[in-house]
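All remarks here apply to the structure that follows.
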Amino acid sequence: MASKITFVFLVVVVINCAMMLSMPTAEAHNFLPCVITNDCEYHHCSSGTVLCVNRQCHCSRSSTHQTKLDNLKKMDYAKKCKWTKDCDPRMRFTCVSGSYMCFDGLCTCTN
């Protein structure tokens with residue numbers, strides 16, 4: 001009886017280890033804090049580019065927007081503003097919701 005329990009326990013441990021080793025190869029979501037994209041320069045992306053989205057560094061995988069992303073990477077999203085119209089309209093490409101506004105004097109993505 002004890003040998004069956006030990007065998008089942010070992011099988012469970014082996015299965016759990018195999019599942020942990022077979023994690024998908026997609027990048028882990030390490031959300032580093034940022035204010036502008038330049039704050040993410042040390043965040044490694046295996047493919048695509050890194051962007052500051054909603055104050056967190058994210059890896060972008062879209063190759064169709066690569067030119068836009070290269071331009072956006074150089075932009076300063078902490079731009080000071082008085083009105084939403086003062087914000088750079090290209091900012092909508094990096095906002096998850098696609099919208100942004102002037103909040104507390106800074107251009108900020110909205111949820």
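Just so it is clear, glycine is given a Cβ too, placed from its N, Cα and C backbone atoms.
Small disclaimer: the values here were computed from a predicted structure and weren't measured.
Features of the protein shown, as given by Swiss-Prot:
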type	residues	note
SIGNAL	1-28	signal peptide
DISULFID	C34-C52	disulfide bond
DISULFID	C40-C57	disulfide bond
DISULFID	C45-C59	disulfide bond
DISULFID	C81-C102	disulfide bond
DISULFID	C87-C107	disulfide bond
DISULFID	C95-C109	disulfide bond
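Listed in sequence order, the disulfide-bonded residues from C34, C40, C52, C57, C59, C87 having a Cα within 10 Å of the Cα of C95 (disulfide bond) are C52.
In sequence order, C81, K82, W83, T84, D86, C87, T108 are the residues near C102 (disulfide bond), counting only same-chain partners six or more apart with C-beta under 8 A. Cβ neighbour count for C109 (disulfide bond): 20 (other Cβ atoms within 10 Å of its Cβ, all protein chains included).
The number of other CB atoms found within 10 A of the CB of C59 (disulfide bond), across every protein chain shown, is 19. Take the Cα of C45 (disulfide bond) and measure to each of the disulfide-bonded residues C34, C52, C57, C107, C109: the nearest one is C57. Counting every protein chain shown, the Cβ of C81 (disulfide bond) has 19 other Cβ atoms within 10 Å. Take the CB of C107 (disulfide bond) and look out to 10 A: across all protein chains shown you find 21 other CB atoms. On the backbone, the CA of C59 (disulfide bond) and the CA of C109 (disulfide bond) stand 17 Å apart. C34 (disulfide bond) sits 14 Å from C107 (disulfide bond), taking the CA atoms of both as reference points. When Cα-Cα distances from C109 (disulfide bond) are compared across the disulfide-bonded residues C40, C52, C57, the shortest belongs to C52. By the criterion of other Cβ atoms within 10 Å of the residue's own Cβ, the least surrounded of the disulfide-bonded residues C40, C52, C57, C95 is C95.
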